[in-house]
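Listed features, source TrEMBL:
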DOMAIN    13-81  domain 'K Homology'
DOMAIN    97-168  domain 'K Homology'
DOMAIN    271-339  domain 'K Homology'
């Protein structure tokens with residue numbers, strides 16, 4: 001009875017449903033200076049907001065009476081199906097992929113959505129024809145989980161209706177820490193005493209303060225021996241070693257995806273040199289990687305020659321020899337330390 005009232009918009013209840021969208025998906029809802037979203041707001045009567053910020057993911061918040069929320073979801077689902085159809089006209093794919101939406105639901109409500117022994121989620125799948133998956137882990141720095149819904153637009157609309165019924169019957173318990181996507185960050189490369197950020201295929205000189213920090217660090221021992229630092233990656237430890245005291249500065253370097261690039265202003269052929277590192281045996285595996293994949297990646301990214309000495313009987317450490325320009329060595333050390 002409650003479900004039929006909700007489906008018909010008979011309950012004068014205001015709900016807030018949150019969607020997690022990737023940039024490419026989000027753009028289909030907001031292209032044309034926001035005309036699509038404006039039209040959805042006007043025709044559904046729901047409040048639709050897209051979170052701001054330079055993030056690969058955005059949160060779309062849909063608020064309003066249940067009938068307005070269902071209209072908004074219907075418009076979004078059919079818009080996505082239209083985009084899929086249009087993309088297939090230039091594709092060789094023969095099977096049409098389903099429309100997929102990701103809801104963001106307080107973890108305290110997910111138990112009711114799954115039901116005892118998975119009974120509720122099974123019932124929703126069977127009655128709507130949609131695929132529903134509740135993530136096992138909470139989204140980072142939040143108490144919310146992602147609920148992925150896939151299927152035809154009609155199946156998704158029916159699925160959202162049933163999920164709304166569950167959310168109305170089982171309100172969140174306690175305070176909810178909402179998921180907020182993190183801004184996209186640009187990789188940083190240190191080379192030739194200068195910090196660079198990657199933009200497209202080029203390396204652009206980074207603001208002076210980061211370059212000065214790098215130059216200061218390079219005057220000292222660039223990295224403390226592995227296993228003796230405790231910076232939480234993502235981050236890179238640029239440490240000064242004086243006697244038994246060590247200090248580290250964590251730089252926000254959230255990705256190791258550093259692509260080959262043209263670095264304007266760098267010397268074409270500075271003199272090669274050699275640097276040696278000592279690595280604990282129990283960490284060498286994560287640096288080498290499966291069948292040498294990681295160490296080969298580091299060689300390719302840094303442009304340095306890297307040799308790992310064989311294990312010596314009775315020794316708990318392995319020696320790594322890095323040969324190349326100071327820029328090559330600096331980048332190789334950073335990548336090894338990050339691993």
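Including glycine, each Cβ sits where the backbone N, Cα and C put it.
Note that the coordinates shown come from a computational prediction; the quantities given were computed from them, not determined experimentally.
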Counts by DSSP class (helix H/G/I, strand E/B, coil) across the domain 'K Homology' (97-168): 37 helix, 20 strand, 15 coil
DSSP-assigned states of the domain 'K Homology' (271-339) in counts, ordered helix, strand, coil: 34 helix, 20 strand, 15 coil
